Each structure stands twice: as structure tokens, then as C-alpha cells.
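If you check TrEMBL, you get these features:
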| type | residues | note |
| --- | --- | --- |
| DOMAIN | 306-393 | domain 'Ig-like' |
| DOMAIN | 398-469 | domain 'Ig-like' |
| DOMAIN | 489-583 | domain 'Ig-like' |
| DOMAIN | 590-684 | domain 'Fibronectin type-III' |
| DOMAIN | 688-796 | domain 'Fibronectin type-III' |
| DOMAIN | 897-993 | domain 'Fibronectin type-III' |
| DOMAIN | 1010-1098 | domain 'Ig-like' |
Amino acid sequence: MTVIAIVTIIITAAAIVAIIANNNAVAKHCPASQGKTPWNSCAYPSVWSLGDGQPPEDLEKPVENPPLSILLIEKPLSGSISVGGDITFVAKVEAKDLLRKPTIKWFKGKWMDLASKTGKHLQLKESFDRFTKIHTFEMHIIKAKENYAGNYRCEVTYKDKFDSCSFDLEVKEASQSIDIRSAFKRSPILTHRLWYLVPREPKQEEVPEVDVWEILRNARPDEYERIAFMYGITDLRGLLRRLKKTKKEEKKSEAFAKKLEPAYQVDKGGKIRLVVDLADPTVELKWYKNGQEIRPNQKKHKGHCPQIITIMKLEDVKTTVNERIELECEVSEEGAQVKWLKNGVEVPTGVRSRFRTKCDGTKHILIIDDVMREDSGTYSLMATGGTTQAKVQIDLKPLVIIQDLSDMTVRLGQPLKLHCEISPGNVPGRWYRNGQLIQASERVTIIHRARNHRLEIESCTISDAGDYTFVPEGYTQKLCAKVHIIDPPKVHLDSLNFPDNTVTIVAGNKLRLEIPISGEPAPRVVWMKGERVILDTGSRVHAETFADHTSLTIDVTEREDTGNYKIVLQNEAGEDTATVKVKVVDIPDAPEAPTVTEVGGDWCSMTWNPPLYDGGSPILGYFIERKKKQSSRWMRLNFDLCKETTFEPKKMIEGVPYEVRVFAVNAIGVSKPSDPSRAFVPLAVTSEPTMLVVDDVTDTTVTMKWRPPDTIGAAGLDGYMVEYCIEGSMRLIRNTDVFFRTEQKMVANKELTEKTKYTITGLPTEGKIFVRVKAVNAAGESMPRTTQHSILVKEVVEPPKIRVPRHLKQTYIRRVGEAVNLVVPFLGKPRPKVSWLKEGQVVDPTQVSIRNTDCDSIFFIRKAERKHSGKYEMTVQVENHVDTAILDIQIVDLPGPPQAVRIDEVWGVNVALDWTPPKDSGNAPITGYTIQKADKKTMEWYTCVEHYHRTCITISDLVVGNEYFFRIYSENMCGLSESATVTKDSAVIVKEGLHLKIPEYNDYDFTEAPKFTQPLVNTSAIAGYNATLNCSVRANPRPKIMWMKNKIIIIDDPRYRMFSNQGVCTLEIRKPSPFDGGVYTCKAINDLGEAQVECKLEVKGQSSDYEVKAWLPLRQSECVRSFQVLHEH
């Protein structure tokens, strides 16, 4: 088992080594994996990534002939950051010639669009500066990761223009300390099948940082295992290998100032002296040989440190620079090892050092040649027995200025030489200009010879002017001089590249002319337009002067700014002038309001004048817009410029008021709109009237009628103009105007008539005329409609005919007190004579008012009474032709109370009542009775039954022990009678204990043969509309109903539907046609007999909707009402 375990461990270790080797190989080929675990490297990128970028071989390819930038004025530059850092890439586009914002895209590599990657680590921003007309686009990368490195690309697009720029981003790996605990923790062994599984990192608890390496270095080997498990290190083999490879750091001791040599050689029997110097002579010193301590009592080994003391102390020294000083000290022993220190630091005594040491027996001397101020300090000598020190102070020699610097004025380009002379001569110095140190260069020469110091500039420039200072080294004194560079002023217009020095700008834009100038001292600049000086304090137009240029700024250019601008430069070296011409171009003025010259049904014709000012550029054309008067939205009518000053808008809505306006266009832009035109309404005349026919002709008049035009339009119809002409005449007469035509036409109506019927009067008898009618609206007169043939003015006799309205063909019922107003139309020519009779007698004009017209007769009773009921006969006569009609008028009133109301019988809680109908039925059938009861104690009446049709009734559910009275109202179509009949006797409900003898009744035989209580009625139907035939039958037992058409039984015909409910039989004919007319029969059969009824059905062609709607409800309501009455009986 042990052997197997060992083999397993070896195989496991080999697998781990293979996995680590594989990971290392992957890490070598994947730069992103360095410093990370394999599972977070190339094969499995992080959740958020900017992409893989461009392959290295693509990055190394040089770009041949890069295209010139046409949009980008500033391109993003490559950069490098460390992991976790932030960086910003900026691209700028000038929008001077762009009408809208350009489109920009950021890519990583060749294809990855970064617009979809914005978020926590990537932000895209853009801004626009209205003054400089520059779009700024920025890409911010926040807390960069290693996989953000690569090649990026910025693409800018505007219409047909395109520009792009590539740049690189380098992400450097941050230095990280090695965590020994994570390095030697075992990770789960993954087979080739589980490479896609990423191990979940356990949640780490925050623990204080501990340097485990330091603990292991200081621990014994037998404690390694305990320390490893204490800090969670499981790979002990790797830990031991790492410790073995780690070199032991040699402990450095600071106790020895001078150590032993690595090896010494001496002859056998000779004497050897081993010497060391101690940094601190007070520490204890021990000598060892082969690891064994050498005791001081052994004679052949002398190991000791002599105690050397100083006999003569050092003395303080004070001198000046460039002198020689010697510091001397005497010690107690000859050849003693001492150390010279300056301010606690050992003094260097090399070959090239200014410090030299000298030993003469017990005397030790420190020599310093050509001392400087830096040599000041505290010098000390250290021996084993103690130290001695002295202070050295080096002062400067007094400075003597033999020749000072002098102020100079030099022309531009001439040499400049500054010279001064000081003592002592070996003192160096520095030259300054305006406080800045001057360094020697090809153009600037600095010379120091003995006491002379020179500064020479070969060809001076403007920047060489200023305050020059020479400062001797070590001294507070300084020499100063002012150098003034002068240059004649000059205006540099050639660099502007303006043709003929003319600047053209569009009105409303900001103009800023920057003219380069030169001159020293800075010249005084004056801008002038004509005789007017432009000041730098102006609000809209102002001038500014800078060191190298002057500018003229016009914030909002106007037409008045056009002209010549003069620049005058002056300084002490001379004067210069120049002239710049400014031309301000603008959009043209708005044209005047257009004029609408002609209007049609959906079009109009408009014209306008060109604008007074064309903006300094020729007019290219015009844009036309229109809108509805009530709206505020204008609509462009032409997208191509209109070159003319006339236009014809179309496709307008008739009857809607419109306005139009015009824009003028030149090379600069579009003018403001003109004032709207006066509102106009597109209108069209109507079409001609239709169906012009002769309605009536008399001996002197002709009545014409017609129908409205088919097309009226939005202008509506104001009326009609009727004209006629007598056959054979030669002039057309209309109102008072005279027109020569082929025939003489005269206006029949001087004022427009709105009716479609008109009577022309004053015509000659037996004359022949032509008539025409025109429709008139706001747009004018329509085309006339003329009769095809001439009309003979002669009256024609027409037999009279009375057209009785449908509701007067049956009994006309009205209540007492209501008004009766009947209109009965009739026909006949000439005007018929009308007479009315009642029961054969002439109608009394005091009772009935009758008024007759040419076509109807009006029958009127202001307040109807029952005596007005009866049958009235109307007679219409034309010469020997007569027509009559009979009208049945029934005036109804409330009925009287019932008669002989009595209590027939009382038993239990029931009372039987009977009565006789009232004497006065109100001239209408009695429709029912209302029975009420009242307790004798309270005499409060309560209704028991309403709308009861019989003359006997039994009242039940009365209270035992009470005594009741009863009363009954009669009811007809007008309502209840005004009074009720009360029973003379009362009905006493006997209490329990009394026995009532119940009479014996014989069973009534309800069987009977079929009998039709409501026959079928001859009916007229309209083709296409459903028709119904109704009748009611009474029989017991229930009869069998059969329907027949022309004596043929109707069976299973889908065009017919048969119903039978409570004795009411109905036959519905679905959408009949004229072929469905005929004789229909309804037959009822039971065991006791049979009965049948029949009617005629006439199917007419379709009529108007009004007649169908008026006829159907009337027939249906009559049938339903009759059925309800029959069922109640």
C-alpha cells in the first residue's frame, strides 16, 4: 500500500508539473496572461472587455503613404498607462464648412465598435465650441485592464467626406508583491475534459499581512511544516525548493570601519599583525581562530586594541577663500591609526581631492589647498582613545567692481556684447536675463578671463531684450544692465493669402481679422474706417493688439460694415500702414407680399416683385409656401427654385381660406419670408341643375321644377336664377342689362330663389317659351340647364284626385280638448272646388275651420268635443269631374264609473264581487277595471287589481276579523274614470270556528273547435324587406296549424318561418320578391273540427326608405295591439 501511495504521489506531482508547464507555455504566447492564472488569461477573457485588438503582425506593418486629414484638425495620440490608470484620447473637427455635426465612431482593432461598450470603464463625450467652431470628441478609459491594450481607430464621416486615425494604447503591468501563501496553495487538478471549468475563487477573509519568508528564514528546518500549515501553505515540496534556491543574504555589520583582508601570507616562524578599525571604539572585541575564541592570556597570540589618546587638540581656524590651511593634532603613540572627519563624515583623501593628510611621528596634519566656502565646518580627528575637533570658517574676499555693466540699445539682428570687470579675478559668475539663467550655446558666448566677464550674442532677437544681471558666485552683490531691442514696425498682409486684400464674410457671422505685425518696441496700432477710429472698447466692432499681431473683431457683421479698413503702426523706429477691404454679403431682403390674381376650384395664380436688396449676390430663385389661414404651419410648394416671379399653386382644398408667401434665395442663403398675401378661398361654380321639367301650366303662368346640381362644391349654393325667352325674339334681357343673342331671354326672378320650384308669371296666352335655370354661388353662375322643347302657355284640364294620408284611412282618434288639424292633399287642374259634409249636412263653420289651397285642404278644430265625432265627406270638383273621400273622426273622453257594484258572496278570507259596465264608455271601448279595498276602521283605500277586463272578481287573502268596503274604477284608452262606485254593504271576514257551506260546482267543459278570433288582413309588402302575416285562433285541445300559399301547403321552405305562441299564429316571409305575392291561407285543425282564414299578399317594387320605415312599424304595432286584446278576452 505504501508503494502504491508513493507512486500516486509521484504521478500527481508529475501531472501538476505538466499542467504548470502547459500554463507557462500558454502564458508565453498570450501577453494578457502574464501575472494571472491561466484560467483568466487568453482562453477566457473577463466579462467586460474592449476587445482583442489588432494582431501584433498587423501592428508592425508600416502604413504606406498615409492619407491627408480632411476633417480632423487634431488627432488622438498613442499613450501608455499602468493597470488601473485612466487615460483620455481627444479628436477635434473644425465645423467651419460643415452644416451639421459630423458622425464619429471609435473602434478597437478592425471591427469592434466601442459605442456599445460604454459604461463603467469606457465613456464617450462630445462638445462644441460656438466661438471657435470646433467639435471636440473624447474617449475616456477608466481603470484600465491589461486586455485594453492594442490598436484603436477613430473614424469621422460627414456626407461624402471621410477621415480616420489609428493610435495605440499600451497598458503596463503594475508591480506586485509575491504572495507566498497564494503561490504555494494547491489548486484542483484539472483533466483535459475539465479545461472549460473555471474554479470558483473562495471568499477570502481579510487577515493582516505577514512576511512569511522572513519567518521561514529565521526558523529552524524542523519548524517549516508547522509554519506552512499555520499560514495555509500546502505545497511543501515547492516551498522547500524555493527556500533552497533563495540565497542567504550576508549579514552586514556596521561595527567595523576597516575589516580584515580575505587572506594573509607570512613565513613560518614569522610574526603577523592583524589590524581592524572599529566604528565605535567602546564596543567589546573578540578574536576567533577556526571558530575557537582566542583567549588574551595565550602568549603566542596577542589580540588587543591599543588605547590612543590625543596630546595636542585641534584649534579653530578662520581664513578667506583661495588660501591654504593646515589642521595639526598630536596623539600618544607613533603610527597610530586615526580618522579625519568633517561634520561627522570621513574626509576623502584621494589623488584628485583637495584634502591631504600627513603623519610625522605622533603628529597628524590635514592640509586643504585653495579653500572654498564649502570647506567651512567642524573637523574632527577620531582615535581609539577619543576624539578632538575644531571649527573652520572660510569667508569671501571683498568684491571690487572695476567696470560695471551699462545699458544698451541694439537694432534687431545686430550683435550684442555685455562686459564687466571685477576683483578678485578668479571668482566665477552667472549671467541672467529677466531672472532666467543664460546658458552658453552656438548663438550665446560666455567668456571669463581673469577679472573680465563677457556675454556676447551673435544676432539679437526680440526675445533678447530685457534686464541682464551678472552675479559673482558667493557674493550678494550683482551687476545689472538693461538691453533694449528696437525694430521698425511692419504689417504682414502677405501671410493672409487674401486676394486683393479683400475679406468676404456672410452677414450675421463673427469676423475676426488677425493681422501679423512686427516691431520693437511694440508699435502703437490704430484701426480706421474712413476717418473714424476703431477703439478697443467698442461693443460690436473693436480692435485688439497683441505682441505679434493685431485683430479686428466684428461680433455680428452687418451690411454697413462693408468698406476699407486702414491699419497704422507707429513706434520709435518708424511707421507702417496697410489697407484691408471687408465685403459683407447677406441674404436678400424679403420680397413684398405676393398678389393672388386668379382663383380656381383647387388652384390660384400669384405674382410678386423681386426684393429691393439682393444681399450683394444675384437672386437665384424663389421658394413659395402656403398655409391655411387658421393654421400656423407653412408648407413648401416647390423644392426646385422658381426662376420667375409668377407661380400657380395647386391641390388646394376648395372652400378653405389660404395665404401664400415667398422667399428669395441667393448664394448666401434664403431670405426672410415675405408678408402673407391677402387670404383667398379656392372656389368653383356648381354644376348645372338637373331634371328641369314643367310642373304646371296655366293661361298666364308656367311652373318649373328641378333638382339641385350634382356637384355643389365648398362655395355652397346661394340660389337659382330662372330665365326664359319667347320663341322668335332676338335679345337676352337680364335684370336691366341688355345682351344681343340669338334669342331674347328675360330673367323671371330678379332675386335668387332657394327653392327648386318657381312659377313664371305674366306670360302671353298660347305663347311658346324656352326656360333655363342657373345655379349661383360665390364663385359665379353655373352652366344653364335649358328645356329641350318649347312650352305652350295654355292651361290643361286634369281630373281631381284626393290623396288621403295613410293615418286618415282609418278612424282618426283624439281626446276631448285636443286640437284636430288635418291636411288632405289633392290634385286637379284648374284649381278644384272643395266642399265638406258631415252626416250629409254642410259643416258648420263655427265648429270647424276649413281652409283650401291649390293643392290641399286644411281641416282644423281648435278644441275638440265629443259632438265633433262622426264621418266627414270631402268633395273635390273640377268642371264635371268629382272625387270624394270620407274621414272618420272619433273624439274620446274618460269613461263613467261602473254600475251596480255588489258583494256577491263572502267565504273564508275571500269576497266575490260583480258589477255592470258604465253607461258612458267615453266614446271608446272599456279596456279594464281597477278594484280597491278599504278597512272599515281606517277607510284607507288600497289597490287590489289593475287593468282587469271582466265584470266579476274574487278578492282573496283578506284579514280575518276585519270588515271591508270595495270600490271600482272603469278604464278606457283615455284613463281611469273620474269617480268610482263603492259597495253599499260591507264584507265581514268571519273568525275561525265558523263553518262555511261550500256550494257544489259542476265542471265546465272548455273544449271547443278551432275559431279564428282575428283573421288575416290583406297586406302589401316591399320587395327585399321581410313581411309577416298574423292571425289569432282559439281552440281546445291545441290545434295543428298549417300555412298554404295558393292552396299549396308550405313545408320546409327556408324562405318562410312559422310561429305559434298563445294562439297567435305568424308567418314570416324573408325578403320577398314579386313572385311571392298570392293568396295565403292559415288552417287550424283539432279533434272537434277545423277552421281557416286567408288573405292576399301583394309584393311591390322597392320604394323609398321613408315609406318602408313608416309602413312596417304601423302594421306591426296594429297587429300586436289586436293580438293583446284578443288574448286578454
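A Cβ is built for glycine as well, from the same backbone N, Cα and C atoms used for every other residue.
Unlike curated records, TrEMBL annotations are generated automatically.
Across the domain 'Ig-like' (398-469), mean pLDDT in this model comes to 89. Taken through DSSP, the domain 'Ig-like' (398-469) splits into 3 helix, 39 strand, 30 coil. According to DSSP, the secondary structure content of the domain 'Fibronectin type-III' (590-684) in residues is 0 helix, 32 strand, 63 coil. DSSP states for the domain 'Ig-like' (1010-1098), grouped as helix (H, G, I), strand (E, B) and coil, give 3 helix, 58 strand, 28 coil. The residues of the domain 'Fibronectin type-III' (688-796), classed with DSSP into helix (H, G, I), strand (E, B) and coil, number 0 helix, 54 strand, 55 coil. Residue counts for the domain 'Fibronectin type-III' (897-993) under DSSP, split into helix (H, G, I), strand (E, B) and coil, are 0 helix, 52 strand, 45 coil. Counting residues per DSSP class in helix, strand and coil order gives 9 helix, 57 strand, 29 coil for the domain 'Ig-like' (489-583).
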